[in-house]
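Single-structure report; data block below.
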């Protein structure tokens, strides 16, 4: 069978808050009871019951403004998916640190850093603006 494509040049129905009156009614093909109700609508509206007024509204519109403004629960799905991917990434990082990367080099030890700093001070590395400029060589302590 062949599927009939939608002609987008024709007016269409859409429920949007910024476009409150769509070009066409929500229900395009009326049943016999809906046609009778539309005929009754042409008379005085005071003779219509509340249910008939609601039915007339539902023929014209799919949702009311309250229904359009009602929040959805989509944010829960988004937050859940984000937390899943954050957790998955954290597990990958933990596994990489444990099984892929080796131990830190010995140059990261506090003793090694202290020896390297003392060596840089002894060599007077960058005496104008750098490390050696902040060291008092007479008192053997950092300048205050």
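Backbone N, Cα and C atoms are what each Cβ position is placed from, and that goes for glycine too.
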- line: Expected hit for transmembrane segment in Swiss-Prot across 48-73, 74-99 is 74-99
Field: Rounded Cα separation (Å) that holds between residue 4 (N6-acetyllysine) and residue 33 (phosphoserine)
entry: 28
- prompt: Where the distance is taken from Cα to Cα, which of the modified residues 31, 33, 35 turns out closest to residue 42 (N6-acetyllysine)?
  reply: 35
